[in-house]
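Structure first, then comments.
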Amino acid sequence: MASKAVYSHRDPMLKKRDDFEDILEERRNSSDLRYALKCYTPVVYKGISPCKADALTNMVLQSSHLHYVISQVSKETGRAVDDVQDEASAILEEMAQRLQLSTIRFFAFTLSKVFKTLFRSICVNEEGIQRLQQAIQEHPVVLLPSHRSYMDFLLMSYLLYTYDLALPVIAAGMDFMGMKFVGEMLRMSGAFFIRRSFGGDKLYWAVFSEYVKTMLKNGYAPVEFFLEGTRSRTSKSLTPKLGLLNIVMDPFFKGEVFDMSLVPVSISYERILEESLYAREMLGVPKPKESTSGLFKARKVLSQNYGSIHVYFGQPVSLRSLAEGRVNRSQFSLVPRHIPKRPSEEIQNFVNDSAYMLVRAQEENMVLKPWVLLASLLLQNHHQSQAPGQKPGMALDELTERVVWLRDLSRQYGAFLHWPDHRAPSDVVSSSLSLHPGLVKISEGRVQLALELAGGDVGPKESRSADTTPEEELLSRAVIVLSCASYRNQALHVFLRPALLALAIHAAASTKKQEVFYSFSFLRNMFSNEFILVPGATVQDFEEACYLLVKTGALQITQQEVLVTERGHRTIVFLTSMLDPFLQGYQVVCRFLCEEATEELTEKQFIPSIRRFIIKHLLAGRLRYTEVLSSDLQKNALAALLRLGAVQKLKGVDQGTLKVNTVMVNSLEDTLGGKLPTQKVVVARL
Amino acid sequence: MGSTQALQEIMKWNGWGYSDSRFFFNKKGQAEFTGKRYKLSGLIIPALKDWFESTFGASLQHKTPPILNSSAVHPPTLNETFVEELKSTGIPFSHDAEDRVFRAHGHCLHEIFALREGKFGRVPDMVIWPNCHNDVVKVVELASKHNVCLIPYGGGTSVSSALECPPEETRSIVSLDTSQMNHILWIDEKNLTAHVEAGIVGQDLERLLNESGYCTGHEPDSMEFSSLGGWVATRASGMKKNIYGNIEDLVVHIKMVTPRGVIEKSCQGPRMSTGPDIHHFIMGSEGTLGVVTEVTMKIRPMPEYQKYGSVVFPNFEQGVACLREVARQRCAPASIRLMDNEQFKFGHALKPQVSSIFTSFLDGLKKFYITKFKGFDPNRLCVATLLFEGDRERVLQHEKQVYDIAAKFGGLAAGEDNGQRGYMLTFVIAYLRDLGMDYYVIGESFETSVPWDRVLDICQNVKERIVRECKDKGVQFPPLSTCRVTQTYDAGACVYFYFAFNYRGLSDPVHVYEQVEHAAREEILANGGSLSHHHGVGKLRKEWMRETVSSVGLGMLKSVKDFVDPNNIFGNRNLL
């Protein structure tokens with residue numbers, strides 16, 4: 001394999017990142033009202049053709065693309081053209097944003113108040129802002145923020161307003177529309193609403209895509225959307241959704257714009273507002289439907305401290321340079337450009353790879369707080385100390401020692417860690433812990449997860465009513481564990497590749513490099529719905545993992561062999577423990593499918609049934625990780641099995657029924673458990 | 001030797017056109033155009049210096065005069081037995097270095113640049129001047145017999161590296177100069193056709209036909225120097241194709257001499273359904289199959305009336321929309337061209353000194369009216385130039401129709417002068433390149449054809465690509481990157497790009513130039529443009545032939561070549 005020199009350019013230690021400025025500082029020292037009424041004169045795209053929101057809808061309705069689809073729909077359904085045309089107008093009406101500066105000013109004022117109460121600081125990399133400003137003038141811009149909270153898009157518009165940048169139009173899910181007043185407010189702050197599913201609806205797709213493209217091409221405003229499609233409930237990045245990315249890239253492929261800047265934005269919250277909401281949702285307590293009153297109930301969140309937010313505007317990516325040598329744009333010369341066409345395989349692959357690349361870029365610039373490392377350590381400790389006779393929790397100084405070790409390790413892996421180096425580590429630890437009183441508690445100098453009933457030595461918390469079932473207890477503990485896990489997950493992308501390698505070494509039949517690679521490649525493939533793993537980059541990921549582990553002295557790699565060093569043991573144990581819950585979780589999913597999946601198991605029933613199955617196992621003590629209760633993990637595992645063909649979704653009469661290939665699922669489970677050599681499975685799959 | 005061999009005597013050997021016609025900056029720093037041949041000849045062009053300096057960041061202080069050195073030509077590789085037999089035919093030939101160098105190049109930038117630097121690559125080993133079809137038959141027979149490489153040469157105006165001798169060619173290379181075959185053999189007034197020898201140069205053909213009251217109406221920008229045979233071999237297009245058609249519409253009959261023998265049709269029927277038209281193997285064959293010797297061409301009575309015109313549009317988008325509408329209504333005048341803003345400014349810079357205060361006052365008034373009163377942004381407006389032809393009444397009617405359409409797109413009639421100057425620019429622009437080259441500025445034009453819905457996007461993207469590539473390649477000054485729509489068709493348009501930059505600070509300007517042109521061509525293809533509308537492929541663009549015509553298409557062309565010329569006697573290696 002390649003020599004060391006090849007790696008040097010991707011040494012994560014060399015990643016250059018910008019500094020942050022706290023924008024709340026100025027808010028605390030000057031009038032919010034004056035700020036909300038300030039003179040706002042953003043720079044715009046040099047090729048802009050200025051138009052009002054109304055003119056925009058007209059342009060969409062008169063586009064040849066829409067005309068074409070309308071007449072097509074009319075022919076297919078026998079409906080009158082006017083009728084279809086009216087439907088198109090109605091769709092557009094329902095969808096369209098009505099960006100108004102006055103609404104933005106209103107939000108600028110109120111959000112200033114809210115942000116100042118909720119957050120200690122909102123930090124922004126101003127160099128990123130400057131780059132963005134440059135990019136906006138040159139080419140149409142697509143803003144791609146990470147999505148962890150409802151706050152994200154208001155926060156984005158707030159920031160752009162603050163920096164006098166062009167306000168974006170934002171693709172938002174239809175669920176917001178349920179909140180009448182809020183929905184309209186959001187619309188007036190630039191949101192446009194898309195139905196969650198419109199699979200076969202040609203007309204809807206045409207209106208939607210034409211609307212987005214028109215705004216983009218004319219330089220009306222930067223277009224903002226979430227690559228992950230929805231808020232990540234786990235704080236892990238979600239595998240990207242490609243629909244909108246396909247749409248925004250289309251004008252470039254068809255030569256309608258010279259280039260386009262794709263700007264990944266990483267928004268990291270020290271504490272997420274929806275933290276326990278997410279955990280409940282994943283445990284099956286249904287998510288409250290977004291309603292205005294619900295939002296007001298959230299007022300109680302206002303009384304808490306949510307730490308700081310870091311927003312990192314990444315390097316704008318030129319779509320043109322991205323597509324250079326990968327996309328042959330002349331493939332669009334043989335059909336009129338307004339006729340919708342399924343993207344070719346070449347285009348699909350390109351869009352998919354770009355999406356992954358952009359999500360990786362988001363991940364890389366996510367700021368990690370010391371708490372994230374603490375949560376990782378406490379979770380591991382929690383699982384290891386479950387054994388009977390163990391004292392729960394960790395001594396504070398032990399925790400401090402471990403977290404300093406982990407700090408250094410994560411930095412070597414290129415983490416964007418915000419660790420206040422000028423303060424004593426013990427200080428950092430205690431102030432980090434104090435921000436999460438609901439998740440951790442310190443008693444008698446020991447730190448542990450705040451699981452009320454765990455370990456028996458319950459604190460002063462009022463005794464639970466006698467009729468609490470063990471199941472309810474389990475779920476309430478699971479809320480805490482899942483919340484903690486969501487913080488650990490923030491750091492997962494840093495450790496992911498080395499951790500997969502650590503697991504692979506563990507699972508491989510021998511220390512032979514080839515076998516370790518097979519094992520790595522199997523695991524990577526297995527988990528590619530769970531984590532952001534760029535398709536087709538197995539070898540690069542393997543090399544990167546090897547490089548990092550060798551560099552930090554945890555591994556020795558010779559021509560033929562991969563060996564864990566004496567001092568590498570600690571690292572390897574940490575890394576494997578990090579992914580162990582996922583490994584176990586996937587095995588449980590397999591076991592469930594083999595043991596319990598009857599002929600009638602439908603996709604709909606999958607989550608409730610597997611949840612029951614897991615609860616049973618957890619209560620019986622056959623399973624260590626409460627985390628496995630996360631519906632996110634269960635869905636991802638199922639998706640992986642579907643992708644690998646171990647489970648099939650039936651079509652036709654039994655639509656949605658899952659057909660399990662027991663032999664294959666069994667062998668996957670055994671391979672995950674290290675009982676079967678991977679090589680065989682890998683080959684079998686190929 | 002023949003009369004037009006004298007053309008070589010009156011033409012530049014390392015630049016464009018006639019030796020007596022050139023631009024220069026006089027002692028006062030004003031530009032002047034010398035000679036007596038053109039409308040601009042002998043005039044001072046006061047605005048050119050400022051335009052030149054501000055557009056390119058060039059300075060009259062920094063000069064790069066050509067190096068005159070024709071002694072570096074390699075001695076000829078002669079095929080003695082061929083030469084012996086040729087002598088017995090009495091067909092004139094020469095292996096004089098000057099004759100050979102003159103026919104070793106077209107007018108691509110790299111070709112002219114190399115000549116100015118006194119660098120010569122492979123040049124033909126000898127030049128032959130056949131006098132008629134039968135002479136050509138004899139030469140081709142001899143060449144086939146002795147395995148000599150023949151490169152047909154007409155006017156030498158190629159811009160596709162078509163005349164470059166393949167450096168890998170080891171055989172003796174003979175340039176077959178058709179310039180002596182320049183007679184109109186007959187005119188058929190009943191059928192309105194003329195039978196002409198293919199070596200005739202455009203302006204001579206028109207002049208001679210005009211004497212009998214006829215014209216072909218075929219006026220490519222190079223018509224002063226390019227030849228009928230060259231037009232056929234490259235699928236040429238003329239400025240007035242809207243009335244007269246392109247070369248493929250004009251030819252009725254072609255005679256070509258190939259190593260297999262002579263190819264021609266047996267009759268002169270105006271249209272035939274006899275399988276694929278063999279003329280289409282000949283047209284665009286770029287000298288790879290044989291030499292076109294005689295052509296029967298359509299002729300028309302000379303137009304009774306000609307009128308230039310021009311229209312100013314507030315922006316390029318409106319201008320294109322207007323041209324599209326004109327094409328839709330199929331009422332395009334003999335010529336209609338739309339220049340973008342940069343070219344409009346360029347055209348302005350070429351205004352000769354006005355003699356009367358009154359004219360300059362009028363000019364000022366016009367400018368005031370357009371920019372202040374009509375609110376046109378001088379940095380966005382663009383101009384269309386028009387040429388109407390026909391009988392007077394119909395011209396006037398036609399003119400009104402076109403101006404009415406233009407008005408719908410915000411176009412204002414801007415007078416005959418502006419129109420006429422636009423067309424004059426066509427003929428002098430190549431001279432201007434030589435002036436630029438004296439001052440570190442190099443440039444060239446290239447063209448494409450593209451469907452209507454792509455016109456605006458292709459113009460914008462290619463221009464921007466040029467600017468971007470120049471920057472990336474280290475060009476120190478912003479380039480001139482401009483375009484015009486020069487022809488309209490039912491289903492699309494022909495677009496011409498001009499590109500020039502100041503190369504001070506670059507160690508290998510020609511290489512940079514070629515990289516940028518290459519990138520621009522890639523951009524054209526990515527935007528749905530064609531590889532060429534009328535310049536041809538030559539060797540410059542042949543790397544894109546396969547993707548342009550598909551592998552099967554290329555195979556078809558190859559199999560024709562293999563049958564017609566199995567020993568690659570016509571070995572210029574163009575096209576395939």
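Every residue, even glycine, has its Cβ placed from backbone N, Cα and C.
Those TrEMBL annotations? Automatic predictions, nothing curated.
Secondary structure at B:Y496 (active site, proton donor/acceptor), taken from DSSP and collapsed to helix, strand or coil, is strand. What TrEMBL records for B:Y496 is active site, proton donor/acceptor.
Under the DSSP three-state reduction, B:G287 (FAD binding site) is assigned to coil, being neither helix nor strand. If you take the C-beta of B:G287 (FAD binding site) and look for same-chain residues 6 or more apart in sequence within under 8 angstroms, you find B:I151, B:P152, B:A162, B:A233, B:F570, B:N572, B:N574. The FAD binding site feature in TrEMBL is assigned to B:152-158, B:234-237, B:286-292.
Residues or ranges marked as substrate binding site in TrEMBL: B:R433. Classification of B:R433 (substrate binding site) by DSSP places it within a helix.
Summarised as a single figure, the pLDDT of the domain 'FAD-binding PCMH-type' (B:120-302) averages 96. The feature domain 'FAD-binding PCMH-type' is assigned by TrEMBL to B:120-302.
Here TrEMBL flags B:R337 as site 'Important for enzyme activity'. According to its DSSP assignment, B:R337 (site 'Important for enzyme activity') is in a strand.
Put simply, B:Y496 is the one of the recorded positions B:R337, B:R433, B:Y496 whose Cα lies nearest to the Cα of B:G290 (FAD binding site). Counting only the Cα atoms, the space from B:R337 (site 'Important for enzyme activity') to B:R433 (substrate binding site) is about 21 angstrom. Between the C-alpha atoms of B:Y496 (active site, proton donor/acceptor) and B:A236 (FAD binding site), the distance comes to 14 Å. Taking Cβ-Cβ distances under 8 Å and a sequence separation of 6 or more, the neighbours of B:A236 (FAD binding site) in its chain are B:H218, B:P220, B:S226, B:G230, B:N246, B:I247, B:H534. When secondary structure is read from DSSP and collapsed to three states, B:P152 (FAD binding site) falls in the strand class. Annotated pair B:S158 (FAD binding site) and B:R433 (substrate binding site), C-alpha to C-alpha distance, rounded: 16 Å.
Local packing around the binding-site residues B:P152, B:G155, B:G290 was summarised as the count of other Cβ atoms within 10 Å of each Cβ; on this measure the leading residue is B:P152. Straight-line distance linking the Cα atoms of B:G155 (FAD binding site) and B:R433 (substrate binding site), rounded to a whole number, equals 19 Å.
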